[in-house]
Each structure stands twice: as C-alpha cells, then as structure tokens.
C-alpha cells in the first residue's frame with residue numbers, strides 16, 4: 001500500500017465505498033475493478049486463450065497456467081501448483097480442515113466454492129444453462145460435461161476395452177463392469193452395488209420414498225433423473241437429436257437405441273439360434289419362441 005493510501009485511511013479521509021456491498025477502497029481504480037464483480041463485466045482477457053476476468057490480478061494468475069510454471073510445492077506430498085491459493089486449498093486435504101459449513105445441514109467443505117455449489121441442493125438454484133437444449137445445472141462443471149453430448153466429444157476412454165464416454169462419471173461407472181467390485185450392500189435384501197448412489201436409489205424401493213415431485217401434475221419419483229425425463233412429457237422437450245436423420249428424443253438412452261438403426265449394431269444375440277437384435281426387449285421377446 002502506498003504512503004498516500006495509508007495516510008488517507010489513517011486520517012479518516014473519504015475512502016471509496018462500493019454502493020452494492022459497502023466494501024471500502026483507498027483508490028477509485030480499485031473500486032472500479034471491484035465493481036466488475038457485481039456487474040459481471042469481464043474486461044481483462046487472456047492473450048493465450050481468450051478467457052476473460054473481472055479483475056487484472058485474476059488474469060495475471062490465470063496466465064501462469066499457460067507457462068506451466070509451478071512454484072508452490074506441498075511439503076506433505078510434493079504436489080506443485082502455479083498459484084499459492086491453490087496450494088493452500090490443497091493442504092487442507094492433509095490437515096482435514098473444512099472451514100466452510102452449510103447452515104442448512106451442517107455439511108462442511110474445504111473450499112467456499114464447493115459450499116456455494118452444495119447450497120444449491122437446498123435452494124434448487126440452477127444458474128448454468130445449456131445454450132443448445134436449455135437444460136439447467138447447479139455447477140459450471142456439470143454444464144461443461146453435459147455440453148459434450150451435443151458436440152459428440154468423448155474424451156474419457158476405458159483402458160480395458162476402449163469404450164469412450166462424454167463424461168468421467170460414466171467411465172467410472174463402466175469400469176466396474178471389468179472389476180466386478182460391488183462394495184455397497186442393501187441391508188434389506190442383500191443386493192450389492194458398485195456405487196453408493198445406486199444403493200441409495202435402490203433403498204427407496206423398500207422405503208417407498210419418492211422425494212422428487214412434479215410441479216405440474218404432482219407425480220413423485222424416487223430418482224431426480226426420472227423426474228427430469230417425466231417433466232419433458234409436459235414441456236415436449238426433446239434435447240437429444242440424431243445427427244443422421246434429425247429425429248429427437250427426450251432421453252439419451254432412447255437416442256442410443258435409435259442410433260443402432262443407422263449403425264446396424266445388434267448386441268443381443270440368441271444363444272439358441274444365433275439371431276441378433278438391436279434392443280434387449282426384442283431379444284427377450286424372441287427367446288419365448290424357443291421356450292414354448
């Protein structure tokens with residue numbers, strides 16, 4: 001801080017105050033930069049990738065990601081970071097510190113950004129909108145992953161079989177096919193699952209819990225994904241379009257089945273006669289011919 005700035009504050013002079021949040025600044029230029037937060041204006045652009053920021057200090061920090069320089073190293077595990085605040089956040093993994101606590105449910109987080117994102121599960125806020133289909137998301141990373149559906153990008157590849165996925169979570173789910181690991185077991189019926197979320201959804205079969213209710217007709221569902229698909233029956237939304245013929249579908253799984261018409265893929269083969277089918281339901285129906 002300059003001597004003039006110090007004198008201004010110590011003398012009780014007129015610092016520059018933000019009209020939105022009341023934060024005080026010793027220079028008008030600092031106030032102007034701060035106000036970009038509220039206006040969401042991002043006048044500072046990275047020359048390398050074009051990413052824009054509200055303050056100059058953030059673009060300077062960001063530019064270190066292009067240089068590859070990582071000056072800040074963790075003394076516990078040796079991992080290095082290009083920015084000091086990223087190191088400080090990382091070190092909380094080792095200390096177990098979670099200073100940001102949700103007032104609604106008490107869950108604590110390492111980063112404030114994670115708390116803000118979590119709080120949207122209580123408020124239902126989904127501020128990130130897909131420009132292609134209008135679907136909304138609570139986090140920007142969720143939107144980014146979703147957008148890969150529209151561009152057909154599949155950057156996550158299985159090392160075992162080569163199957164590629166648009167989202168990392170789907171690759172992780174898929175990999176359990178190869179390992180066969182199912183560590184999550186239902187106390188009611190003993191059925192085991194490879195993922196905890198799958199167990200939680202399954203338990204609702206026993207409890208009858210249906211926490212996701214349609215605002216239009218009141219129908220309730222055990223899974224949020226089921227509610228999302230159901231709502232499209234009211235809105236008529238069909239976000240999944242076929243690149244071959246243009247036909248659109250309300251569910252991605254339905255699009256995947258439809259695509260087999262164009263590719264000719266028939267993964268379900270009858271063990272009795274060898275006839276192959278593109279859909280599992282057709283395969284099951286066919287097998288009844290042999291049992292009768």
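Cβ from N, Cα, C; glycine included.
Lifted from Swiss-Prot, the feature list:
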- 16-38: zinc finger (ZN_FING)
- 28: SUMO2 cross-link (CROSSLNK)
- 44-66: zinc finger (ZN_FING)
- 51: SUMO2 cross-link (CROSSLNK)
- 56: SUMO2 cross-link (CROSSLNK)
- 72-94: zinc finger (ZN_FING)
- 100-122: zinc finger (ZN_FING)
- 128-150: zinc finger (ZN_FING)
- 156-178: zinc finger (ZN_FING)
- 157: SUMO cross-link (CROSSLNK)
- 169: SUMO cross-link (CROSSLNK)
- 173: SUMO2 cross-link (CROSSLNK)
- 184-206: zinc finger (ZN_FING)
- 212-234: zinc finger (ZN_FING)
- 212-292: region 'Interaction with TERF2IP' (REGION)
- 240-262: zinc finger (ZN_FING)
- 268-290: zinc finger (ZN_FING)
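Location within the structure of each feature annotated in Swiss-Prot.
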{"residue": "28", "record": "SUMO2 cross-link", "DSSP class": "helix"}
{"residue": "51", "record": "SUMO2 cross-link", "DSSP class": "coil"}
{"residue": "56", "record": "SUMO2 cross-link", "DSSP class": "helix"}
{"residue": "157", "record": "SUMO cross-link", "DSSP class": "strand"}
{"residue": "169", "record": "SUMO cross-link", "DSSP class": "helix"}
Next item on the list: Determine whether the zinc finger (44-66) and the zinc finger (16-38) share at least three Cβ pairs under 8 Å, counting only pairs 6 or more apart in sequence.
Entry: yes
One residue among the recorded sites 28, 51, 56, 169, 173 has the fewest other C-beta atoms within 10 A of its C-beta, namely 28
Same chain, |i - j| six or more, Cβ under 8 Å of residue 157 (SUMO cross-link); the result in sequence order is 163, 164, 165, 171
For residue 169 (SUMO cross-link) and residue 51 (SUMO2 cross-link), the CA-to-CA distance in whole Å is 26
Residue 56 (SUMO2 cross-link) sits from residue 28 (SUMO2 cross-link) (Cα to Cα, rounded, in Å) at a distance of 15
Per the Cβ under 8 Å criterion, with at least 6 residues separating them from its ends, the zinc finger (240-262) contacts 149, 152, 229, 232-233, 278-279
Tertiary contacts of the zinc finger (128-150), defined by C-beta under 8 angstroms and 6+ residue spacing from its ends, are 117, 120-121, 166-169, 237, 239-240, 252
Other same-chain positions with a Cβ less than 8 Å from the zinc finger (184-206) and lying at least 6 residues past its termini are 173, 176, 222-223
Residue 56 (SUMO2 cross-link) to residue 173 (SUMO2 cross-link), Cα to Cα, whole Å, comes out at 41
